[in-house]
Structure formats: structure tokens, C-alpha cells
Amino acid sequence: MARLSLRKTAEGLGAAASGLLAFRDEYLSYLSVERGSSRATLNSYADDLEDYLAFLGERGVSDFAEVTHEHVEAYAADLKQRGYAPSSVERHMAAVKGFSKFLVREEYCRTNPADLVPLPKIPDRLPDAITVDQADALLSQPFRDGPLGLRDRAMLEVLYGCGLRVSELCGLDSSDVFLNEGLLRVMGKGSRERAVPIGGMAEAALSAYLDAGRPELSAHARRACSAVFLNARGGRISRQSVHALVRDAGLAVGIEDLHPHTLRHSFATHMLEGGADLRAIQEILGHSDIATTQIYTHVSRAHIREEYLAAHPRAQRGGAKKLAE
């Protein structure tokens, strides 16, 4: 895979910047080995840095010692001009900053040209979440017969019932499931391991799949696969397949543009609305910083206000008009 990426990049960069590719690949190796970055992160950084190197190549840069903070600022402006969303600009620039810091640390250049260039500010955006009624409709709908139906139900129940990231769901192995203890062992971002509770409907759906669905799917495999969730050929299911399943299951009950991460957001939101402690939610979600989890308090406050306006007899709009009457 790395050779394919390199060949594609070399064709598109031109002579000026193609010599910089080895440094990018060394940085990606560092992220993989020393930082434990996921394959998804590595792929994103590879693409983002390829774009950055192409930008430098267009300006005749062939040595990192030639890069100035003006180049980095111009690249950020170029991303915006090409119509990238603020979140995408931030991701590209985070890759550039990390890469530049690595080059200085390894003494490939003396100064960090990205050090004085701030990351773009992204407007605060509350996480999307479906309602409890929508979640019930999603998980109560009829699924297809056979092992794939058992698998699909179990995946949706685990995504919503445990708050897993899609990469964590796909990465689950059979040895990570402890139904007697009501726990899943999950490998999160940065190779951080955590125990996630599973209970109720998610546990029942997963147990049914493991008993009757997975063995049938596993029989189609050319070689044994340790993954919990298998595709129709008996191999580990892909993130793309899970995204498609969630989207189609949502459309079947009238929920537009449903994503696996929406179910993770919904898990956290509904836990908070149900009175769960924020620290407990942080541990279950695998957030390293409580500030990441605190965004769900804003969602919960909106829910509390809705409940207040709907329930209190003197909380309705138009109070000033009524006082004037």
C-alpha cells in the first residue's frame, strides 16, 4: 500500500518536491510505531501532507530549509480558497504542524515554519443526536433473516448501547468480549485500552449473533478470522460497510443521513439526560480530556430547556404581551 501511495505521489508532485516524500513517509512511520496512530489517521495525514508537498513543489521548494512561515500561511489560505470546510483546513494544518515539528526534532531543519501559524478557529458545533424514540424505532425495525440480520442488529445495538467509534467496533476481536462480566475490551485512539460496559438489549443482540450468526458467517472464510463482526465472506467487516448499514437502517425508519458517530453522540447525550456522571461517560467514550465530553452538557441543557418550556404553565412565549393585557 505504501508503494502505491508513493508512486501516485511521485507522479503528481514534480521533481522539486518529490525528494521530500521520504521525510513524509518517515513521519508516518513515527506516527504508526511511536504514537500508535490508527490506519485512518495515517491515511488522512498521508493525503494531507501529499497535498502540502505538492503546494510546496509548485513554488519550487526542494528543501525544508527553504520553507518559511509565509509558505505555511499561504497554504492555509489556499485551502480556504479551494473551498475546504473549516474542519478540513484545521486537519490539514494540524498535519503540517506535526510534520514540521517532527522535522525540527529530527534535525532535518533548524526552525519550525509552522510554529507561529495558528490553527484556524472552528465554530463550536453541537454533536448531532437522534431522539430516544428515533433510537427505539431504529433498533426495533425488522432486520433481514439469517446471520447477516443477526449481525446487523448486534452492530447497531452495540454502537448505540456502548458508544463505540466505528473503528473500535470493526476492531473488536472475539477475545475482547466478556458477556459474563458484561464488558467489552476496546482499543481506542492512541492504542489506549479501556473496558466498556454492555448490557440489556446490546448484550442480548450480541449474544444471539455470536451463538447463531457468526458461526455461519465464519464458515465462509478462507482462513480463520478473529473479528467479532464478519462480512458475508467471513472476513472482518469494513468501516465502509458499517457506514452503509447505519445509513440504510436510518433511512428505513425515516432518519436522514445517519452515521455511526451519530449513534455515539446519541449514546452520550441520552446517558447524560438520564443522569449519568460526566466522568463515567468520559471513561466509557475513551476521551482523554474531560473537555471533549463536556460538549454534551450543552446538548443536555437544550433538552432541559425544551422540557421546561413544554411542562411549566408560565414558561410559554408571549409573557410580555400577556402582562400588558
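Start at 1 and count along the chain as shown; that gives each residue its number.
Including glycine, each Cβ sits where the backbone N, Cα and C put it.
Automatic, uncurated: that is what TrEMBL annotation is.
Quick look at what TrEMBL lists:
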type     : residues : note
ACT_SITE : Arg165   : active site
ACT_SITE : Lys189   : active site
ACT_SITE : His261   : active site
ACT_SITE : Arg264   : active site
ACT_SITE : His287   : active site
ACT_SITE : Tyr296   : active site, O-(3'-phospho-DNA)-tyrosine intermediate
DOMAIN   : 18-104   : domain 'Core-binding (CB)'
DOMAIN   : 125-309  : domain 'Tyr recombinase'
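Feature map: TrEMBL annotations on the structure.
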residue : record                                                : Cβ neighbours (10 Å)
Arg165  : active site                                           : 20
Lys189  : active site                                           : 16
His261  : active site                                           : 15
Arg264  : active site                                           : 22
His287  : active site                                           : 17
Tyr296  : active site, O-(3'-phospho-DNA)-tyrosine intermediate : 25
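His287 (active site) has Lys189 nearby among the active-site residues Arg165, Lys189, His261, counting only those with a Cα within 10 angstroms of its own Cα. Among the active-site residues Arg165, Lys189, Tyr296, the ones whose Cα sits within 10 Å of the Cα of Arg264 (active site) are Arg165. The CA atom of His261 (active site) is located 14 Å away from the CA atom of Tyr296 (active site, O-(3'-phospho-DNA)-tyrosine intermediate).
In this structure, Lys189 (active site) is part of a helix by DSSP. Between the alpha carbons (Cα) of Lys189 (active site) and Arg165 (active site) lies a span of roughly 10 Å. Counting only the Cα atoms, the space from Arg165 (active site) to Tyr296 (active site, O-(3'-phospho-DNA)-tyrosine intermediate) is about 16 angstrom.
DSSP assignment over the domain 'Core-binding (CB)' (18-104) gives 69 helix, 0 strand, 18 coil.
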